[in-house]
Amino acid sequence: MKIKKADFVKSAVYEKDYPEQLDKMEFAFVGRSNVGKSSLINSLTSRLKLARTSKTPGRTQLINYFLINDEFYIVDLPGYGFAKVPKEMKKQWGQTMERYIASKRKKLVFVLLDIRRVPSDEDIEMLEWLEYNEMDYKIIFTKIDKLSNNERAKQLKAIKTRLVFDNEDVFFHSSLTNKGRDEILNFMEEKLNN
């Protein structure tokens, strides 16, 4: 798939704030703070500043909607697991995400995991929660450029002590080199055509 047009539409907290079009597919991106959600969105759309990136974890505090090719939405969800945020704010982010995931919108959730880290309890809870809600989801391992092939193989072995998956069922992505970009876009196109 070629992304020719990508526009920020709006930020939302409550369901009443979501875009009104229910017929458009939504690809939502969720993961720990600083896992690279905004960088991945910028990589997929080939727009360096579409989704705001920051070295400071916890910058994405709202649900951000981007309309792609006037056909579907990319949705940037708030990150979870950032310790330096007040408990009340964490609770609010959690409720914002819960409302979105529980909404009856046509969506697929991409769960982003940093390949350098074994999945946290929060990552596992997110995956279990998606399964409990019978949500369609895929895992994307980010920051693959930070490890050599040998280190990556070792790390995947460690990750599999906490998470069961086949390498063919997940995506591997680098925002630095755009490795994995085409595979993710092709998968999204398949979902749109089904």
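Keep in mind that glycine also has a Cβ here, set from the backbone N, Cα and C atoms.
Listed in Swiss-Prot:
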DOMAIN    23-194  domain 'EngB-type G'
BINDING   31-38, 58-62, 76-79, 142-145, 173-175  GTP binding site
BINDING   Ser38, Thr60  Mg(2+) binding site
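Annotation note: His173 (GTP binding site) sits in a coil segment as assigned by DSSP. Note: the Cα of Gly31 (GTP binding site) and the Cα of Ser38 (Mg(2+) binding site) are spaced 11 Å from each other. In this structure, the CA atom of Pro78 (GTP binding site) is 10 Å away from the CA atom of Ser38 (Mg(2+) binding site). For His173 (GTP binding site), other Cβ atoms within 10 Å of its Cβ number 26. Fewest Cβ neighbours within 10 Å among the binding-site residues Lys37, Lys143: this applies to Lys143. In the structure as shown, the Cβ atom of Ser38 (Mg(2+) binding site) sits within 10 Å of 22 other Cβ atoms. Distance noted between the C-alpha atoms of Leu62 (GTP binding site) and Ser38 (Mg(2+) binding site) is 13 Å. Across the structure, Lys143 (GTP binding site) and Ser38 (Mg(2+) binding site) place their CA atoms 13 angstrom apart.
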